[in-house]
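Written below as structure tokens is the structure these notes are about.
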């Protein structure tokens, strides 16, 4: 395609036509890619001249063409999005202040995308944000906090795109980055329910009492129902929060706090609770679910009769005694002053005034609804507007109801209002026909159809209404009655009819009911969107929908949604968003082997395909006796034990290998006089962690004593069946019956316990590769005893350590005395040896510190945890640092000696000193940088002992990923083996180099004779690295040992190898000083000087 300017937007439609928006020419052109010849471009939109008429554009940017070939153009200069239908030169404004139904103002829009429902998503460059549309119009999605470089801000966002998961990618131009915004589930991540009701919803006028005064106290006010149907109620008398989880009759949790007279609360998606504590303490408190503590989150000057958190994490508080609603952003790191959201602080009835505001609600457009109690109205305050609009009450523009001190408010998915009309003791609601009374329509009273001074309301996800009935001191639940279960006026319907019979497959929906007939129906979605499923039958139906597949042996797996009595007459109903190209399985069942006809009706944006995919239950298939297996086994007191549930110990169990010959569904069941429990594991069973590799845990006992599995097994895969009991310390005989497409061979076996793990059952840590002093001595040390009470081995180790420390101390001091001589430090070799003398002293000191740290922290468990953790993380890496430095300094000595032989008289001493000083400075950083992963991956774990649950066992453990483990192995070889190899190679080079030089000068003798003389003269150069290498080998071997090696089996051998690996640090004086005439002479001179100084 040839164009006259840059293309600010490119798009290829479904007919393979290429579009280009040329902002400089105010035009969009196109050409068909199917044309064999590059024909001239055709005009798709715009006249080529800047303008704001319907056929004109001004600096067009992003473009989008939908499947109907409708062209959407981001008309930047006109602050609008234009829609041009096929072959139409005049467009109409789809978004912007000049649209027919303006809901948002744009400022130079550029990027534009449509979703599957043809809702618009626009990069609003001038406002540095992304906006989008839905049923309720446009709203800001991301970048809603102004221009900036924070993670929630944008600067000149140019374009956007979605991945298949709905995550949004934005080109953040002036921040020079691409930002990814994750899609939050559950519709704007709301924590409360906004049901989608039918056109004329009704509720059962007779409520059931959900909670009475003994539970919620006198005059209950605050209630909240989250999207999981968890119900939270504040008890003002006891200053507690009472919690009911879904479908529970009795409270499941009580949260105690120091709040008083709480009138409101709000719960976020992560379970955090915001509760009013303003009456006495002038604050709003936040209960943090993660650590079960209360913190102050907002300071207020009176109680908050209403609390709300909007989609931008802004907290609102309505202060009825202050005639105001205030707010503050929870994203601010500091608790800044509150801002006014509505009201002047002075009571009044003007549009900007309030008189005792109580309940509040903020929708996704940030519109604030306030129950203006003493003005008998509901006020709507739009964002950044101080003047409100009366949307309900006698003073509204279109009054349809008279209110008397409204106190509670909620909006449904269609933005219809539901109001607690406190003064009239009722709940009213709006729909397309205006307002009407919903419940409590028979006057004040205490009957089931009456309320007395209701304060607030909340919906569960099925649309049932919960009301705080203050003067009756109770919580009332009004059941939602959906007469049609779906509004059929604007959706496509799909129907499916079938029947459950005695030949239908069976499964256990849960362990409350017995086995039930079911039918599995594959759902094929042709268009993504929100679909509603409901049933119609003469039997009590239950429905559930699954993602990808349905596993009858685990009915909770992959379950997306389910319902039991969402419609009247015991029929299910649930709504769920479905995507194309994904397989869904709808399962319909009933209870107690009931069989009857049923119909499934599905409503949504398009019809769906429904196909029966049920197969006869594997248990009911009459397999031949040749493919049925029966094994009799027994659990005794000699059987192995484990913690089945990680709470109780001593469950006897039998592990059984299963050899599956043919892939398919298999049924496994037990027959026993004890209550058995079964688990199936894939590949391996680890009794230390009973949840690892768990394939299917389906306790089929329910009303029976024995388990029954229905599981799909693959041929050639190793499976482990673990048979245990429902309670610990139970023994007895049992038999296993298997049936399926082929015979299963069962092979009982006894597990061999290894030392791969540290700790006790269900509280263990897998050891990493390598043996440390902690591993060797940990089980040998007796806690709560002094050194005199330790084993003979520990006493010998302590004595050996102190002898090594004294020997190393003497070695280090004598070496430092020798190499502090200025004459020896004229070359780099003397500088290296002086540094090596210091590091050898540090090494033996760190070794002694390490030994005593291990001993003392194991003997005295009262040592502060921070001290133990600090030593665990730091001592071992510091010990390795000193040890590796010592080896590399010795290697530097060998390298310099080799260079001296090579250079001869040309050896530059000054350069040698300069290089040595640089290396000594750089070398510690190099070594520390190579082992920096050690302190990062080292951590301390406290484990309760199995014999005494009050006693703590501490383990210093290193956890490496496979990549880091491989790197650690390479570094280990590098630091231990390479210096020794350098020493050896350098010695050989010196011997052969010197021999060659002498054979050139002294020709009367052969090269072999000169080599022999050099070997005799410099044999210590070969002996020293060989000895160092041999002494380092035990540490190298121990560092490479498998994690499953138990050092307690050969403790003497491991201790000998560990201790001997530190002897090279004690041999600097012996290896370098004593064999050398020059160094011995320097030592004697330094010793003489020291004596003179001492006697002066």
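Every residue gets a Cβ built from N, Cα and C, even glycine.
Given the structure is predicted, the values throughout are model-derived calculations rather than measurements.
Looking at 748-765, 766-783, 784-801, 802-819, the range tied to transmembrane segment in TrEMBL is 802-819. Same-chain neighbours of the transmembrane segment (914-932): 827-829, 831-832, 835, 877, 880-881, 884-885, 888-889, 892, 896, 971, 974-975, counting only residues six or more beyond its ends whose CB sits under 8 Å from a CB of the stretch. Note: the repeat 'NHL' (348-384) comprises 3 helix, 17 strand, 17 coil (DSSP; helix = H, G, I, strand = E, B). The DSSP breakdown of the repeat 'NHL' (48-87), given as helix, strand and coil counts, is 3 helix, 18 strand, 19 coil.
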